[in-house]
Amino acid sequence: MATATLSPADSEKLTNLKSAVASLNQISDNEKYGFINLVTRYLSGEAQHVEWSKIQTPTDDVVVPYDKLAPLSEDPTETKKLLDKLVVLKLNGGLGTTMGCTGPKSVIEVRNGLTFLDLIVRQIEALNTKYGCSVPLLLMNSFNTHDDTLKIVQKYSNSNIEIHTFNQSQYPRLVVEDFAPLPCKGNAGKDGWNPPGHGDVFPALMNSGKLDVLTSKGKEYVFVANSDNLGAVVDLKILNHLIQNKNEYCMEVTPKTLADVKGGTLISYEGKVQLLEIAQVPDQYVNEFKSIEKFKIFNTNNLWVNLKAIKRLVEADALKMEIIPNPKEVDGIKVLQLETAAGAAIRFFDRAIGANVPRSRFLPVKASSDLLLVQSDLYTLTDDGYVIRNPARTNPSNPSIELGPEFKKVANFLSRFKSIPSIIELDSLKVTGDVYFGAGITLKGKVNVAAKSGVKLEIPDGAVLANKDVNGPEDL
């Protein structure tokens, strides 16, 4: 990848930006350096263009099928040895605003009054208790979630788990018109800043000092995952494979369904495995990219990475992931925030692989429709904090659920269900309008409930709706 030289106009922009950023006392020198570095790369236009004809489908050596991973030893002392090398890191920078909640998204209650974070802590506690090990939990917060998270983790102070928190970087948003940092324009609040995407996990982990502390305790690998992915649990078969084969990086991928056509995929390109995102695809190939035939897998964002390799690459400034420009508007001012993604780092690590894992390892909760799935009889919750799919459902894929805007906020969603319906035999559910569900309802096949405008529609307790369109009480 050639780095283009800057035009005189861009060089001037950068010079002005450097002096403006130097005066921002809210951020560290590491953050200033990282930010200027990112902007320089952005201005030099080192966008990576993928030559479509060079893309190859990865072989099973590169994207290893889950059932080809070596079986684990039954010996608990061997299991303990593996766990002693592991650190679990959850990306905890996101707010629950899209689901109508204040504070970090990880404190939304998922099931039985337990939050994402409660479940994560239970899972690791159970491992530590069972094997007598000490797997630590790291939470990467953003400036949006840091203060709240520090208060929240106090409730786990009596657990047998070491919890570390650190912050991802805080970068100023750029004003599009003159390329000045927004905080220099008198916008002193949080709106002037952005966290630069989860690609920042590697430098942030290193700059926080946590990486050195962990390696000094014999830790070798970090398992990174989104805090809202209920399927992202510790899997020792994957860890064992990486240690045996000296793989520095592993991305968990899973077969695409029609719901995942926009997800990034792994390709072999010029002899290396790399992530291909929809934003990098030339327009004429977008439909091909979305096809389930050619690109069969997508990135779950469950990543396993060697800690020493992170240190080596961050120190060498070698992690030059594709830049994702994210345009926003703050108080009528057009701004730009630059971000990177952790999955795009795969091509910089030695012996990097993908693992083609079962769909059960990807169970994200992004909307109230996902909450309906995980709170229903389709799943059960074990005492150890694992959300397990009900084997009574024979269809391998989950029902498709579309809830109208009345259900968007968690509080509204909860107020509209007396109890969560049984959906074991449901294929699809679409709800529009002012609809309320009673208790003990069963939904089967294809169900469409549409309340007429301005009319409240209540589905009575104990109703069984099978392959039904409901537009009013007369249809029940």
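Glycine too: its Cβ is placed from the backbone N, Cα and C atoms.
As recorded in TrEMBL, the features of this protein are as follows:
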- Lys105, Gln168, Gly197, Asp228, Lys366: UTP binding site (BINDING)
- His198: substrate binding site (BINDING)
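Everything TrEMBL records as a feature, shown here on the structure.
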residue: Lys105; record: UTP binding site; contacts (Cβ under 8 Å, 6+ apart): Gly94, Leu95, Gly96, Met99, Phe116, Ser227, Asp228
residue: Gln168; record: UTP binding site; contacts (Cβ under 8 Å, 6+ apart): Gly93, Met140, Asn141, Ser142, Pro195, Pro196, His198, Asp200, Val201, Ala204
residue: Gly197; record: UTP binding site; contacts (Cβ under 8 Å, 6+ apart): Ile324, Glu339, Thr340, Ala341
residue: Lys366; record: UTP binding site; contacts (Cβ under 8 Å, 6+ apart): Thr98, Asp228
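Neighbour count (other Cβ atoms within 10 Å of the Cβ, all protein chains): 22 for Asp228 (UTP binding site). Residues Lys105, Gln168, Gly197, Asp228, Lys366, recorded as binding UTP, reach a greatest CA to CA spacing of 21 Å.
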